[in-house]
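*Asks:* What follows is a single structure, and I will ask about it in a moment.
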Amino acid sequence: MGRGAGREYSPAATTAENGGGKKKQKEKELDELKKEVAMDDHKLSLDELGRKYQVDLSKGLTNQRAQDILARDGPNALTPPPTTPEWVKFCRQLFGGFSILLWIGALLCFLAYGILAAMEDEPSNDNLYLGIVLAAVVIVTGCFSYYQEAKSSKIMDSFKNMVPQQALVIREGEKMQINAEEVVVGDLVEVKGGDRVPADLRIISSHGCKVDNSSLTGESEPQTRSPEFTHENPLETRNICFFSTNCVEGTARGIVIATGDRTVMGRIATLASGLEVGQTPIAMEIEHFIQLITGVAVFLGVSFFVLSLILGYSWLEAVIFLIGIIVANVPEGLLATVTVCLTLTAKRMARKNCLVKNLEAVETLGSTSTICSDKTGTLTQNRMTVAHMWFDNQIHEADTTEDQSGATFDKRSPTWTALSRIAGLCNRAVFKAGQENISVSKRDTAGDASESALLKCIELSCGSVRKMRDRNPKVAEIPFNSTNKYQLSIHEREDSPQSHVLVMKGAPERILDRCSTILVQGKEIPLDKEMQDAFQNAYMELGGLGERVLGFCQLNLPSGKFPRGFKFDTDELNFPTEKLCFVGLMSMIDPPRAAVPDAVGKCRSAGIKVIMVTGDHPITAKAIAKGVGIISEGNETVEDIAARLNIPVSQVNPREAKACVVHGSDLKDMTSEQLDEILRDHTEIVFARTSPQQKLIIVEGCQRQGAIVAVTGDGVNDSPALKKADIGIAMGISGSDVSKQAADMILLDDNFASIVTGVEEGRLIFDNLKKSIAYTLTSNIPEITPFLLFIIANIPLPLGTVTILCIDLGTDMVPAISLAYEAAESDIMKRQPRNSQTDKLVNERLISMAYGQIGMIQALGGFFTYFVILAENGFLPSRLLGIRLDWDDRTTNDLEDSYGQEWTYEQRKVVEFTCHTAFFASIVVVQWADLIICKTRRNSVFQQGMKNKILIFGLLEETALAAFLSYCPGMGVALRMYPLKVTWWFCAFPYSLLIFIYDEVRKLILRRYPGGWVEKETYY
């Protein structure tokens, strides 16, 4: 909103030209909103204003006229952003992403059951059960995800202010309190310190009125408001107050010139809610994964469909096989696993003060490669603090730490006594009542930020300011105004022969002009050229640190001329304001938060670029950027190089400067190519004096570079950028409702350092999801191969559908989820951000490891157990080939085994179901080893250790569940699972050990020969 966003700029969105009229219309509106505010009410004289809005500037509107306008324009409120209806959100959870795969599986199962029912008198119910279970899984998981997100949005709703705002209007000459929603254009409104401005106002009269525009323009200093037209730009002029900003002090009257969505604030909110938001990285990953799995499933299904036709099966049977293979490829439990893993991480992050609004944002933060951070309140403490003083011709450092543990200075000098007295007396800030037990730095004050900083500084170093003011009562005052740039007050002295002292503070150069002497070590000496140079050097040094500098002076008024009780006249000045005595300078800054420099350092080592985007002054922005390490030591901007070499800036090659400070007014005239060049060529960037539209353009610029962008902000002005970013991060304490609504994540403690924790959690969950998926997919092979051999070799079915479900939704679930708790293998904050093009959640190497290597060993273990049991019962492997048709024939009750014994149909089926149970138990045994090897992707399990208690519980839980399913009475009827001999459990042990040894050797080669053939082929 501030200083012009590039008018020639058109957002990336506009490339989709063919989207029909509606889309074009919307894009046109968004482009309009990206431009600056156009209004001319600030240029009108009061008479013209009254005529334009048909209002009496002293009595206000009539009640009838106000009613008519309200009926015409509607209430003075922002249209809430279009929210997604709850049923749509629920359907997204039910039919989005991974769920589609399971729904297709369920439909195919019902189709297969239908075909069988048409063909046979007594069809097997397996497919029916499977279809029902698949549908149930999707519905339960969908409800769970929906509940999680609904819970987060409930927390969001609680942020909304429950109190209806009131406004003081004057109608028909009467003052009345009404609901702010009933304010109309043309209303005469009065605001005072502490009020929220109810609409956009044109000021017609004011008394010392200051407003806090920080949520709109990012300027942390309160801005003076008066009836004069001072600037062409409506956002800069003094005679306009904006809707939803706060009046800090003083009073003002104004005419309402815009309400609701037509206000400047309303425009920003509309801009934010109209932006298109892209897919999250994890959603893209899951889409890619579904394509891979579907590809594998369809390839296998079609291959065996063709093969079974060649082998002479009827086409109906072949279709049943096709469906069976596709369904067997669907990892039923994975959807639930991913959801639970993300939820667990979201809960962990909430404990560390990051509230994640939607689960997918958890991982987005981990892939972030650029953070565009606001300055005020995120990188800094959001409280002005006295940083330095200059008196007795030297600079003293004050304590700016959050817990007052920093530097101290010598307070014995009589000059400091005088300086502290002026700072305490020439000061209108006061502590709010009832805070005696709170430490001074944490107390709330009434008054502007700079005065509050002085008040706290003096209270900390000299004791009670209230007592000081009681001893020196104020008898006259000229408040600060923009023309003379000083504040002056006169106090009676109780502790001195002089009856009055005049104290003054203001812009240092203005104060110095009024002085003829200077106080050094308590003595007044003439203000000569040498002292003026010393002042100039100190002023430049403190200003160069990005600090706000104030000058202080005093004059002891002679008692003869000004006796006690003298009437001072502040309009027709009857006292001197020249030839004063200069005492010193004090400078203030909003200091960096303690944890930020460390957090910025961590981002740098994690390969994340931190860009500062602020509405503040370039010098201040650069000073804070250097203070927190966004511009690191030794890195120079073009201006720094020019100053060092003593040459004009135009002669410096911009590529030599690693750091860069861009002014909003320069950004306004840049083409998108020039912006891209800055973002590409400089590693450390600060944007100062930017408007909200420019913030949005910077985010879009970073995204054009292929970066995954996180944006932090607290003001309403940040909401378009928050919405556009891959992940928007709002501030929980200082943030406005609009910014929280637009963000994906909320920092409950407003601390930049919490973002770094979030990045770490996000990277960890991506690694752990990989492990979880690798673990889950591996058991697909021992589940599919029995079915394939059943088709090709015509053997009795080694593993039934129901037992597959017991693995996917029973024994595998807890172990897969337990991998979410696995600690990081190495320092994940020391590596570069993930490249979303190359580093996928599931890649071909993961599939080849899970399916082609570990899965195959598992299948061997299962078949070994299967053949052992059938051989013990008399069916040697050679007898089993081609036996399937007789085996499954209900009428054959005299089937001979290898030793000539005859078996009835029922007896055969009991042996077959016992094989199913044993195959299932074997998969559980080999999955033990799979779980342990999935703990790490590169390290040895012995380096990682078994510290993950949930994982140990998972191992015990899957074993206990398998034993329960095998030995519990009644399982033979319910799930057709039969008790096993103890020895049968041990058949798969050698295979389990083989998996463990095979993988440990592979990881050893990975560590010995990084980048070698083994890594290229098997490191996922």
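We count from 1, first residue shown onward.
Cβ from N, Cα, C; glycine included.
Annotation comment: Swiss-Prot describes 6-85, 151-286, 337-769, 821-840, 936-948, 1004-1020 as topological domain 'Cytoplasmic'. For Ser10, Ser439, Ser450, Ser496, Ser559, Ser587, Ser672, Ser826, Ser940, the entry in Swiss-Prot reads phosphoserine. Positions annotated as transmembrane segment by Swiss-Prot: 86-106, 130-150, 287-306, 319-336, 770-789, 800-820, 841-863, 916-935, 949-967, 983-1003. Summarising the annotation, Swiss-Prot assigns active site, 4-aspartylphosphate intermediate to Asp374 and lists similarity to another entry as the type of evidence. Sequence annotations record features per position, and here Swiss-Prot assigns phosphothreonine to Thr570 based on similarity to another entry. Feature annotation from Swiss-Prot assigns Mg(2+) binding site to Asp714, Asp718; the stated evidence is similarity to another entry.
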*Asks:* Any idea what the Cα distance is from the residue listed as 'active site, 4-aspartylphosphate intermediate' over to Ser940 (phosphoserine), rounded to a whole Å?
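*Replies:* For the residue listed as 'active site, 4-aspartylphosphate intermediate' versus Ser940 (phosphoserine), the Cα atoms are 42 Å apart.
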*Asks:* Between the transmembrane segment (916-935) and the transmembrane segment (949-967), are there three or more CB pairs that fall under 8 A, provided the residues in each pair are separated by 6 or more in sequence?
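*Replies:* The answer is yes, given that the two segments have at least 3 Cβ pairs within the 8 Å cut-off.
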*Asks:* So, three-state DSSP: helix, strand or coil for Ser587 (phosphoserine)?
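*Replies:* Looking at the DSSP assignment, Ser587 (phosphoserine) belongs to a strand.
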*Asks:* Just to be sure I understand, if DSSP states are collapsed into helix, strand and coil, how many residues of the topological domain 'Cytoplasmic' (936-948) fall in each?
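*Replies:* For that range the per-state counts are 4 helix, 0 strand, 9 coil.
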*Asks:* Could you tell me what the rest of the chain brings near the topological domain 'Cytoplasmic' (936-948), counting residues at least six beyond its ends with Cβ under 8 Å?
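*Replies:* Sequence-remote neighbours of the topological domain 'Cytoplasmic' (936-948) are 767, 770-771, 818, 821-823, 825-826, 1000, 1003-1004, 1006-1007, 1019-1020.
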*Asks:* Please name which of the modified residues listed here, Ser439, Ser450, Thr570, Ser587, is nearest in space to Ser826 (phosphoserine), Cα against Cα.
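*Replies:* Nearest in space to Ser826 (phosphoserine), counting only the modified residues, is Ser439.
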*Asks:* Between the Cα atoms of Ser672 (phosphoserine) and Asp718 (Mg(2+) binding site), what distance do you get, rounded to the nearest Å?
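*Replies:* Cα to Cα, Ser672 (phosphoserine) and Asp718 (Mg(2+) binding site) are separated by 20 Å.
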*Asks:* Give the residue from the modified residues Ser496, Ser559, Ser587 that has the most other Cβ atoms within 10 Å of its Cβ, counting over every protein chain displayed.
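*Replies:* Result for the most crowded candidate: Ser587.
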*Asks:* Check for me, if you would, whether the transmembrane segment (287-306) reaches the transmembrane segment (800-820) - at least 3 Cβ pairs under 8 Å, residues 6 or more apart in sequence.
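*Replies:* Answer no: the transmembrane segment (287-306) and the transmembrane segment (800-820) share fewer than 3 Cβ pairs below 8 Å.
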*Asks:* With Ser587 (phosphoserine) as the reference Cα, tell me which of the recorded positions Ser439, Asp714, Asp718, Ser940 is the closest one.
*Replies:* Ser439
*Asks:* Compute the C-alpha separation of Ser940 (phosphoserine) from Asp714 (Mg(2+) binding site), stating it in Å without decimals.
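*Replies:* With the alpha carbons as reference points, the distance is 45 Å.
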*Asks:* Six or more residues beyond either end and a Cβ under 8 Å away: which residues meet both conditions relative to the topological domain 'Cytoplasmic' (821-840)?
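*Replies:* 281, 284-285, 288-289, 344, 366-369, 602, 605-608, 708, 756, 759-760, 763-764, 766-768, 771, 935-939, 944, 947-948, 950-951.
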*Asks:* When you scan the chain for residues with a C-beta under 8 Å from the topological domain 'Cytoplasmic' (1004-1020), skipping those not six or more beyond its ends, what do you find?
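*Replies:* Residues 770, 774, 843, 845-846, 848-849, 853, 937-940.
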*Asks:* Take a look at 319-336, 800-820, 841-863 and tell me which one has the most Cβ pairs under 8 Å to the transmembrane segment (770-789).
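*Replies:* Top-ranked stretch among 319-336, 800-820, 841-863: 841-863.
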